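Down below is the structure, laid out as structure tokens.
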Amino acid sequence: MKLRSFLKTGVCTLCLLAARGAARAGGTDPATYAKDVEFLLEELPKRAGIFFENKKIDWEAVKTEFREAVKSVKTDSEHVKLCGRLLARLKDGHASLRDVKVPWPDESQGRRWTGPRVHLLVVGDKVYVRTSFGPSLESGIKPGQEVVAIDGTPARQWLDRKMAEMRDTSGFSTDQMALYSACHWGLADWEGTEIAFEVKAPDADKIEKITITRRGGPNFAPFGPAVPPKDLKSEGRQSYGKTPDGYGYIHLRDIPGKLPEQLDKMLGELGNVPGLILDLRANGGGGCDHEAVMGRFLPAGKRWANATSQGPNPYDGPMVVIYDAGIRSAGETIAGMFKEDGGRAYTIGDTPTAGMSSQKTKVAVPSGLFSVYYSVFSNKARFNGGKGIEGVGMSPAEITPYDPAELYRGIDTQIRRAEELHKNGFPKGVVGYSDE
């Protein structure tokens, strides 16, 4: 399968699209290419080197690899692609090329890069369907099915190979982020190409091969919950409502600057629910006043950790916060506050968060053909015993694997477990918060 250079950030994609119409800069001079590569090999460790030990980066091996590779570069486009691969060796989910002045090769032939409308997950050593919709669902691919093989290759082996391909061209801050991405974005290819899944139902022996033609839309990332509660309302990209048992439910898809005001409305409409589920799965980040967000979950007049109650409708009851590896950047700092800052909520999830939450810098290469944007220190450095979030992620208090049999029956394991915790109470010694 042809692998497209996988650039995760929308900003970077826009830069590359704009670059196609830009004037060509620089020349096809091997000495220029070698100078840029040497500059990056020496410059990047000066500030990003603080992550090398934790991310298990062997920079001497990187030097050897790219000093040799640059000798084969013949054009500006080849040079930029090589340096993008070099940047991927930082294992940095935010790292990207910026200000690119070289036309990027267009391999699309007028086609979209799109997915099969299937999302996967890994439980133990097996692969399952997390979500299926549209033509894929109609073709017989259903949530909870075990995926035995993909394109004739054992499913887990296929995902491991896809992770390696993606990591060669793009940065992933953690293993869980890379696997999560392979289970979603890794299934994408050019529109019109096929992908074959061999699946079987839980506790069944019969394996069915289903071939899907990729004709999905441009957004092939998961929405968040596997099976959301019914009749949710929307507030921006957020959604809210109640579970069948009457617990409040809020899913935060992103972290916009107006999130505190969005929470005011959602909490006001939910009212005095006996417990609240805050679902952060697939939260793509953003930026807002974090203390103002935490203040919406403290009773009037109360100060807790670094926050004070704020807003007209603060919620003061018990909370369960749901994590996954799709929570990125500012989504992770918000998620981490509920666990690390005094234990305001009980946290669950099938994996830690993505581990890509950091402060970044941008540096231009000597040729002027592009700049590199990359992480230089972690956000919330006090979290995780002083390790911060970048390259680590936030681990939930309780790892809650998905139950494929529940998914097959239309039950979201994480939401089911959150309701169970609200009914039975939290384990002692985990949640420090009290509304008294």
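Glycine is treated like the rest: Cβ placed from N, Cα and C.
In TrEMBL, annotation is done automatically, which means it is predicted and not curated.
Under the heading signal peptide, TrEMBL lists 1-25.
What TrEMBL records for 205-401 is domain 'Tail specific protease'. Restricting the average to the domain 'Tail specific protease' (205-401) gives a pLDDT of 96.
Note on the region 'Disordered' (219-238): residues 114-115, 117, 119, 130-131, 143, 184-185, 187-188, 244, 249-254, 256, 258-259, 262, 265-266, 269, 279-283, 326, 402, 407, 410-415 of its chain, located 6 or more positions outside it, place their CB under 8 angstroms from a CB of the stretch. For 219-238, the entry in TrEMBL reads region 'Disordered'.
Residue counts for the region 'Disordered' (219-238) under DSSP, split into helix (H, G, I), strand (E, B) and coil, are 0 helix, 4 strand, 16 coil.
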